[in-house]
Each structure stands twice: as structure tokens, then as C-alpha cells.
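Asks: Okay, handing you the structure first.
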Amino acid sequence: MNSSSHLTLLDLTLNASEDNILGQNVNNKSSACEDMGIAVEVFLTLGLVSLLENILVIGAIVKNKNLHSPMYFFVGSLAVADMLVSMSNAWETITIYLINNKHVVIADTFVRHIDNVFDSMICISVVASMCSLLAIAVDRYITIFYALRYHHIMTARRSGVIIACIWTFCISCGIVFIIYYESKYVIVCLISMFFTMLFFMVSLYIHMFLLARNHVKRIAASPRYNSVRQRASMKGAITLTMLLGIFIVCWSPFFLHLILMISCPQNVYCACFMSYFNMYLILIMCNSVIDPLIYALRSQEMRRTFKEIICCHGFRRTCTLLGRY
């Protein structure tokens with residue numbers, strides 16, 4: 001990662017080895033804190049696994065009509081975001097590897113343009129992930145507290161419009177990040193967006209779980225009460241809690257890195273923390289790998305559809321193993 005005073009979004013999201021590509025010196029960094037090098041194979045493996053898993057998730061949602069609900073549409077949006085961030089990191093790693101080993105010769109200016117595209121993809125992904133998680137949280141809130149009117153409030157058409165708005169907003173953010181990549185205010189904007197959405201989601205969760213128990217008791221007295229639906233709604237809320245928890249754990253070091261990059265780039269301790277940037281990229285990719293596992297763990301319908309898709313492509317030994325679960 002580049003720790004130069006030129007605070008570009010590019011510098012914040014490249015691997016440590018990019019300094020050799022651009023021929024820039026790493027300043028303000030303690031000699032005791034060297035950049036952590038991670039094998040290219042690790043990035044490629046995580047990128048490939050994430051790609052396959054999230055394609056499986058999207059395929060399951062498309063294939064199974066029982067998964068054609070607003071919550072799973074938002075899950076599909078989250079899967080696309082996960083796939084995007086993993087693939088952008090993997091592609092960037094391949095590009096850096098090829099240039100470092102002189103397999104391809106590209107002008108520094110063109111390399112920077114390519115990296116701007118990769119960085120934009122990461123920005124689009126994190127904003128899309130946050131927006132999709134927020135949409136799922138709102139969907140679960142409506143399911144629990146407005147159960148009898150849920151299908152009138154959250155229709156498939158409305159969920160489609162919401163997803164379209166999410167990705168239009170995210171792509172617009174990506175374009176802005178490319179245009180103003182030299183400004184540190186772009187980074188401040190991204191950090192502010194992260195904590196603002198995090199605040200809304202956590203507040204919604206606290207409110208949701210504090211009131212859920214009393215609401216369940218009250219609605220249970222209604223003759224139209226559906227206990228199965230209510231349990232499914234709470235299960236969906238717990239699944240979302242797991243997704244949000246993993247998202248915070250995996251993305252927080254990255255955003256802390258951005259904060260330190262702006263606030264204390266010359267501090268030795270900040271420099272030491274920033275020297276592990278490659279590890280923070282790995283954590284982000286791990287988030288993309290873990291999310292589909294959570295879907296499979298929490299949804300029997302999703303597991304069954306995964307099995308059908310895998311078996312449909314002739315992996316009979318894998319199907320035999322899956323059949324045990």
C-alpha cells in the first residue's frame with residue numbers, strides 16, 4: 001500500500017507491491033513495520049471461491065420460486081456486491097503480479113487508470129453491501145411489526161425499484177470516486193457513509209429486538225396470527241444479525257485504515273497498522289466467502305436449491321455428501 005502524502009483512493013486500495021509498479025517511495029513508515037506480503041494464490045483462491053459461491057446464491061434465487069421474495073432479492077443484491085469486491089481484488093492482484101514480473105509492459109499513467117477502475121469497483125461494492133444490508137433490515141422490520149400488511153407494503157415490484165435505486169446510487173458513487181480520486185474528501189465521504197448506515201442499522205436492530213417479544217405476545221392473541229410466519233420472520237432477523245456482524249468485523253479494519261491514513265499518516269503506530277493493509281483486503285474477501293455459507297446455514301430452502309443446482313451439473317459424489325445434511 002502506498003502511504004505517500006498524495007491521498008488518493010487508489011493509494012488506499014492497492015496492494016503493498018504496487019509501490020514497485022509506480023516507482024514511488026513509501027514515506028512516513030517505520031522500518032520496523034514492513035508491509036505484509038500475501039501470496040497471489042491466496043487472493044486468487046478467495047476470489048474464485050467467492051465467485052462460485054455467490055453465483056450459486058444468485059442461481060438459487062433465480063431457480064427457486066419460493067425464494068422470489070423481497071428479502072431474497074436483497075440477498076441477491078448483496079451477493080452481487082460480494083462477488084464484485086472479491087473479483088476486483090483478484091483482478092487487481094493479477095494485474096500487479098503481471099506487471100511486477102514484466103509479463104506485460106504498461107505505461108504508469110495507464111496503470112493508474114486501471115487501478116482507478118478497480119478502486120471504483122471496491123467503492124461500489126462496499127456501498128452496495130451497506131445499502132443491501134439496510135434494505136434487508138428494513139424488510140425484516142416490516143415483516144415483524146407489520147406482518148399482516150407486509151405483502152401490501154413490500155411487493156416484488158417495490159423491492160425491484162429499491163434494488164435499481166441502490167445500484168444506480170452505487171454506480172454514481174463509483175463514478176464520483178474516479179473523477180475526484182485525488183481529493184481526501186472522497187475518502188471522508190466514504191467513511192461518513194459507512195458509519196451513518198451502520199448507525200441506522202444498529203439503531204433499527206436495537207429497536208426491533210427490544211419490541212419484538214412484546215409484539216409477538218400481542219399479535220398472538222389475534223385470530224389471524226400465523227406463528228410459523230412469525231418464527232420465520234424472527235429467523236430472518238437473526239440471519240441478518242449474523243450478516244451484519246460479519247460485515248462489521250471484516251470491513252472495520254479497512255475503514256480504520258482509511259481514518260488513520262487521513263488523520264495520522266506520520267505516526268509510527270498508525271503506520272504499523274496500515275502496513276497490514278493486504279490482510280484487511282483478505283478480510284474483505286473472506287466476508288464475501290462467509291456470507292453464502294450463512295445463507296446455506298440459516299435457510300433450508302437455500303440449501304436444498306444449492307444441492308439441486310450442484311447435482312444438476314453432474315457432481316454426484318458431492319451430491320451424496322450433501323445428502324447427509
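Every residue, even glycine, has its Cβ placed from backbone N, Cα and C.
According to Swiss-Prot, the N-linked glycosylation site annotation covers ASN2, ASN15, ASN28, on the basis of sequence analysis. As annotated by Swiss-Prot, S-palmitoyl cysteine applies to CYS311, CYS312, with the evidence given as sequence analysis. Taken from Swiss-Prot, the feature topological domain 'Extracellular' covers 1-37, 98-114, 180-186, 266-273, and the record attributes it to sequence analysis. Here Swiss-Prot flags 62-73, 139-155, 212-239, 298-325 as topological domain 'Cytoplasmic'. If you look up Swiss-Prot, you'll see 38-61, 74-97, 115-138, 156-179, 187-211, 240-265, 274-297 marked as transmembrane segment, on the strength of sequence analysis.
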Asks: Return one of helix, strand or coil for CYS311 (S-palmitoyl cysteine), based on DSSP.
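Replies: SS state of CYS311 (S-palmitoyl cysteine) = helix.
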Asks: Honestly, do the transmembrane segment (240-265) and the transmembrane segment (38-61) touch, with at least three Cβ pairs under 8 Å and pairs 6 or more apart in sequence?
Replies: no
Asks: So, do the transmembrane segment (115-138) and the transmembrane segment (38-61) meet, by the test of 3 or more Cβ pairs under 8 Å (sequence gap 6 or more)?
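Replies: Contact absent: fewer than 3 Cβ pairs fall under 8 Å.
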Asks: Could you work out which of the recorded sites (CYS311, CYS312) has its C-beta surrounded by the smallest number of other C-beta atoms within 10 A?
Replies: CYS312
Asks: State, in range form, which of 38-61, 74-97, 156-179, 187-211 has the highest count of Cβ pairs under 8 Å to the transmembrane segment (274-297).
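Replies: Highest pair count goes to 38-61.
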Asks: What residues in the same chain, six or more past the boundaries of the transmembrane segment (187-211), come closer than 8 Å to it by Cβ-Cβ distance?
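Replies: Contacts of the transmembrane segment (187-211) (Cβ under 8 Å, skipping residues fewer than 6 from its ends): 7, 9, 12, 123, 126-127, 130-131, 133-134, 137-138, 140-141, 144-145, 177, 237, 241, 244, 248, 251, 255, 258-259, 261-262.
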Asks: Please list the DSSP helix, strand and coil residue counts for the topological domain 'Cytoplasmic' (139-155).
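Replies: When I sort the residues of the topological domain 'Cytoplasmic' (139-155) into the three classes, I find 14 helix, 0 strand, 3 coil.
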